[in-house]
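Enquirer: Here you go, one structure.
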Amino acid sequence: MVRIFITGSSDGIGQAAAKVLSEQGHSVVLHARNADRAASAQEAVPGAEAVLVGDLSSIAETKALAEEANKLPPFDTVIHNAGIGYGATASQEITADKISAVFAVNTLAPYILTCLMHKPKARLLYMSSDSHYGGDESLRNITQSHSYGNTKLHDVMLANAFSRRWGNAIQVVSMHPGWVRTKMGGVMAPGALDRPARVLADWAIGKGDLARLKSGTFFTTSGPESAHPGADNVQKQEELLRICKEVSGVGVPGG
């Protein structure tokens, strides 16, 4: 049995993967933005071990979520899946922390959780998108930007930064799940949830070829792909980590 924590698992790909994993007998901890969504997530995945609640647009709630996650037994796999800012979830909101909600949820929250949660035993994934190819690696004004593509590039950069820091200790990767029919993808999306959910579930338990992906790999449902070249820029990776630390007050463990 593998223990897995999936953010943004009250609907969409996160919930679909959680269902697959739970039905296979694995221990899955879900995450929802509020109590109402948590209740419906638990109903949708009745075999889930628990549902943790936290609004990832809030720095304080994200820190509290990390604390709650650390009270549970260690996870083998953590999936940073939560995201907003595309299609039906497009947002121009500035949060109470005076930053873009898109940046807060898509970039800052996975950074905070990675830094504050106990390191997973085996695998860590940042959910990206092919929209990251249009992202700007300059990192100009990123805390106020509402660009979805920029934040999805940040997710690949975060994966690469932590992969570089942690070496071969665990597998750290990023993924484009495809344009699928979810609340974010919209009803016009050509793909169904089944394939990305199963690929994500297979990766989460270290099944098949995905278990052998090199840490720092960006992959899709078809296998490894080349990411935006800016994602490999170590100087920019470190700059992104510095910005996230300055905004959140949370530093990377050990430096």
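For all residues, glycine too, the Cβ spot is worked out from N, Cα and C.
Worth saying up front: this structure is predicted, and the values here are computed from it rather than measured.
Marked as active site, proton donor by Swiss-Prot on the basis of similarity to another entry: Tyr148. If you look up Swiss-Prot, you'll see Lys152 marked as active site, lowers pKa of active site Tyr. Taken from Swiss-Prot, the feature NADP(+) binding site applies to Ile13, Arg37, Asp55, Asn81, Tyr148, Lys152, Val180, Thr182, supported by similarity to another entry.
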Enquirer: Cα-Cα, whole number of Å: Asp55 (NADP(+) binding site) versus the residue listed as 'active site, proton donor'?
Expert: 18
Enquirer: Can you tell me how far the Cα of Ile13 (NADP(+) binding site) sits from the Cα of Lys152 (active site, lowers pKa of active site Tyr), in Å?
Expert: 16
Enquirer: When you measure from the Cβ of Asn81 (NADP(+) binding site), which residues in the chain that are at least 6 apart have a Cβ under 8 Å away?
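Expert: Spatial neighbours, sequence-distant, of Asn81 (NADP(+) binding site): Ile6, Thr7, Gly8, Ser9, Ile13, Gly14, Ala17, Leu125, Met127.
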Enquirer: Return the residues near Arg37 (NADP(+) binding site), defined as same-chain residues 6+ apart in sequence whose C-beta is under 8 angstroms from its C-beta, sorted by sequence, else 'none'.
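Expert: Long-range Cβ contacts: Ser10, Asp11.
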Enquirer: Within 10 Å of the Cβ of Ile13 (NADP(+) binding site), how many other Cβ atoms are there?
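Expert: Around Ile13 (NADP(+) binding site), other Cβ atoms within 10 Å: 26.
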Enquirer: What three-state secondary structure does DSSP assign to the residue listed as 'active site, proton donor'?
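Expert: Once the DSSP labels are grouped into three classes, the residue listed as 'active site, proton donor' ends up as helix.
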Enquirer: In the three-state scheme derived from DSSP, which category covers Arg37 (NADP(+) binding site)?
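Expert: For Arg37 (NADP(+) binding site) - judged by DSSP and reduced to three states - the answer is helix.
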Enquirer: For Ile13 (NADP(+) binding site), which DSSP three-state class applies?
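Expert: Reduced to three states, the DSSP call for Ile13 (NADP(+) binding site) is helix.
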